[in-house]
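Working notes for the structure below.
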Amino acid sequence: MKKTAIALLAWFVSSASLAATPWQKITHPVPGAAQSIASFANGCIIGADTLPVQSDNYQVMRTDQRRYFGHPDLVMFIQRLSHQAQQRGLGTVLIGDMGMPAGGRFNGGHASHQTGLDVDIFLQLPKTRWSQAQLLRPQALDLVSRDGKHVVPSRWSSDIASLIKLAAQDNDVTRIFVNPAIKQQLCLDAGSDRDWLRKVRPWFQHRAHMHVRLRCPADSLECEDQPLPPPGDGCGAELQSWFEPPKPGTTKPEKKTPPPLPPSCQALLDEHVL
C-alpha cells in the first residue's frame, strides 16, 4: 500500500518537471466577460476567476502550481460545496487542480481541465486543517484495494460518500469521475435515493480524488458540452464491465497527437504569448 501511495503522490507532482506548454506562459486571467471556449479537452477560457486560497471551508493544495483558476461558476460551486460540507460536519474540503489562468493544455497529468469547468477534489475530509507543507506536497489517500475490485474498508467512510453525493446533486454538475471500485461502493450504499448516481462515472485511476465537471454556462456560446450520461444509476452491466479482464489482444491505445486548437483559443495564444 505504501508503494501505491508513493505512486499517487508522484502522479500529482510529476507535471511540474515536464516542459511547459504555451498556456503556462499566461500568468493571469485574460480580461473580459467569462467565456468557456470549445471542449473540456481542447479549449481555453477568457475572464477566469481566481479561487481564493483562504477559506474556512476548504484548503487549496499545490498553490505553487497556480492551477486555481476557473469559470466563476466553478469558483461558486467549490464555495457552495465546501460550505455544505462544513454545515454537515464532514470536514475540510481539499481542492486540487482546477485550470490555468487562460485554461488550455497542461504539460502533464490532465487531458481535460482546459475550459475552467473541471476541478479535482481529494476524497479526504480532515477534521484538522492541513499545514502549508502538507498542502504543497499532499499525501493522497488511496481508497481502492490493490486488485482494484473494491474500496479499502478502513479508509472508506460515509462522509466521503456524502461529499460525492452533495457534489452530484448540484445542478451545475454534469459528471463526477471516480474509480470503478468507488462507484461500486456508492451503488451498494445508496439505498433508494439513486438519481444522483447517474452523474458519477467510473474512470481509470481516480483512486484518491473525484474529478467534478460542470455544464457549459448558458452565455459561453462556444463551449461544447458532453452528451448527458446514459439514463439510470449506472450500477449494472456498464459498471461491471470495468472489473472484467481485458479481452485477448487488447493493447493500450497509442498516444494521440493533440488536435489543432479551436480558432478562438489560437487567437488568444497569438495575442498573449506568440
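Numbering starts at 1 and runs along the chain as it is shown here.
Glycine is no exception: its Cβ is also placed from the backbone N, Cα and C atoms.
Since the structure is predicted, the reported quantities are computational estimates derived from the model, not experimental observations.
Here's what Swiss-Prot has on this protein:
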{"type": "BINDING", "residues": "HIS110, HIS113, ASP120, HIS211", "note": "Zn(2+) 1 binding site"}
{"type": "BINDING", "residues": "ASP147, HIS150", "note": "Zn(2+) 2 binding site"}
{"type": "DISULFID", "residues": "CYS44-CYS265", "note": "disulfide bond"}
{"type": "DISULFID", "residues": "CYS187-CYS235", "note": "disulfide bond"}
{"type": "DISULFID", "residues": "CYS216-CYS223", "note": "disulfide bond"}
{"type": "REGION", "residues": "225-274", "note": "region 'Disordered'"}
{"type": "SIGNAL", "residues": "1-19", "note": "signal peptide"}
Site of maximum Cβ density within 10 Å, from binding-site residues HIS113, HIS150, HIS211:
HIS113
Could you round the CA separation between CYS187 (disulfide bond) and ASP147 (Zn(2+) 2 binding site) to a whole angstrom and send it over?
19
On a simple 10 Å Cβ count over all chains shown, which one of the binding-site residues ASP120, ASP147 is most densely packed?
ASP120
What does DSSP give as the helix, strand and coil breakdown of the region 'Disordered' (225-274)?
17 helix, 0 strand, 33 coil
Other Cβ atoms within 10 Å is the metric here; tell me which of the disulfide-bonded residues CYS44, CYS216, CYS235, CYS265 scores highest.
CYS44
May I ask which residues of the same chain, at least 6 positions away in sequence, place their Cβ under 8 angstroms from the Cβ of CYS223 (disulfide bond)?
GLN35, SER36, ILE37, ALA38, GLY43, THR115, LEU117, CYS216, PRO217
Taking only the recorded positions CYS44, ASP147, HIS150, CYS265, which one has a CA atom nearest to the CA atom of ASP120 (Zn(2+) 1 binding site)?
CYS44
Going by Cα-Cα distance, which of the recorded positions (CYS44, HIS110, CYS235) sits nearest to ASP147 (Zn(2+) 2 binding site)?
CYS235
Please tell me which one of the recorded positions listed here (HIS110, CYS235, CYS265) sits closest to HIS150 (Zn(2+) 2 binding site), measuring Cα to Cα?
CYS235
May I ask for the distance between HIS110 (Zn(2+) 1 binding site) and CYS44 (disulfide bond), taken between their Cα atoms and rounded to an integer number of Å?
14
Anything within 10 Å of HIS113 (Zn(2+) 1 binding site)? Look among the disulfide-bonded residues CYS44, CYS235, CYS265, comparing CA atoms, and list what you find.
CYS44
About how far apart, in whole Å, are the alpha carbons (Cα) of CYS44 (disulfide bond) and HIS211 (Zn(2+) 1 binding site)?
18
